[in-house]
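Some features that Swiss-Prot has for this protein:
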TRANSMEM  5-25  transmembrane segment
TRANSMEM  35-55  transmembrane segment
TRANSMEM  63-83  transmembrane segment
BINDING   GLY73, THR76  Na(+) binding site
TRANSMEM  98-118  transmembrane segment
Amino acid sequence: MKHTFLQVALGGALGSAARYGVNILAGRLTPGFPLGTLSVNIAGCLAMGLLAALLAHRGGQHLAPFLLTGMLGGFTTFSAFALDTMTLWERGEIATALGYVLGSVVLSLAAVIAGLTVGRGLFA
């Protein structure tokens, strides 16, 4: 169990650092819009689906704490999503905030579905 906590911690550190890098880059591309958070949530959901399918079909469940809980848990974030939404809302950008919520939820669910579908096809 001690090793599992270390796997989650290491994966979380790597995932969080990657998210930070994406947010810096995205902030330069689209100042004022939380493209970084949107991007990591969609990419992370796609990766979650793909890796969940891979680990389930290839017997790699021992990697789940590092990859899924740690790396992808650190990489994606819905707490930042909620804060970004409220920031847009409080700036009076109500339509943008609502579009961001709808786009984030729909695209993230679509990405998980795509990841699971592709992953099951590739790794079954």
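Numbering starts at 1 and runs along the chain as displayed.
Glycine too: its Cβ is placed from the backbone N, Cα and C atoms.
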Seminar exercise, completed: The recorded stretch from 5-25, 63-83, 98-118 sharing the largest number of CB pairs under 8 A with the transmembrane segment (35-55) is 98-118
Exercise. Hey, what's the Cβ neighbour count for THR76 (Na(+) binding site) at 10 Å?
Worked result: 21
Exercise. Near GLY73 (Na(+) binding site), which residues of its chain come within a Cβ-Cβ distance under 8 Å, counting only those 6 or more away in sequence?
Worked result: VAL8, GLY11, GLY12, GLY15
Seminar exercise, completed: GLY73 (Na(+) binding site) falls, by DSSP collapsed to helix, strand or coil, into helix
Problem set entry | For the transmembrane segment (63-83), sequence-distant contacts whose Cβ falls under 8 Å of one of its Cβ atoms, 6 or more beyond its ends | 4, 7-19, 34, 37-38, 40-41, 43-45, 47-48, 51-52, 55, 104
